[in-house]
Amino acid sequence: MIGRLRGIIIEKQPPLVLIEVGGVGYEVHMPMTCFYELPEAGQEAIVFTHFVVREDAQLLYGFNNKQERTLFKELIKTNGVGPKLALAILSGMSAQQFVNAVEREEVGALVKLPGIGKKTAERLIVEMKDRFKGLHGDLFTPAADLVLTSPASPATDDAEQEAVAALVALGYKPQEASRMVSKIARTDASSETLIREALRAAL
């Protein structure tokens, strides 16, 4: 079981980051709310991970702290929620925002996330609310929004294409992802900025 990585960031391709540890490169899938806080390529990062084994793949999911990882692990226990959908949920909302939405029973906020319909949102509220009762010490303080900051990244010529690809990887349809990015696109924005603003606008 791989629970934590400490190494140098080799490449950032949202929502994937490649981290080299002891000469081995690990591909880690990260929610965009965690991805924003990563240092730039060439710098050291510490990532808490959850290892998922499927018939066709072995995948690492990464988080900036244990609380985010705990929430991810609880999410994938919910009926109908797999790692990909959990990643999309925590990309559209920070962990704290998701906890708040569940505790306030905000179905309307949850259904705006990719892959979440009304029934899934209601199921998440019912199942996760019960689990939060025993997890508060290991999660977050209710009703306090988590403020995220991210290092500035230089804009690239293909920032829009990277942003669209990342949104598709998170569960949005290609046409929908393109439309989301085109609405907020600007020439001086990095792909990370475009992804963050597109997700924020969708909510």
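Heads up, the Cβ atoms here are built off N, Cα and C, so glycines get one too.
The following features are taken from Swiss-Prot:
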- 1-64: region 'Domain I' (REGION)
- 65-142: region 'Domain II' (REGION)
- 143-154: region 'Flexible linker' (REGION)
- 155-203: region 'Domain III' (REGION)
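Broken down with DSSP, the region 'Domain III' (155-203) shows 34 helix, 0 strand, 15 coil. According to DSSP, the secondary structure content of the region 'Domain II' (65-142) in residues is 52 helix, 0 strand, 26 coil.
For the region 'Flexible linker' (143-154), the model gives a mean pLDDT of 39.
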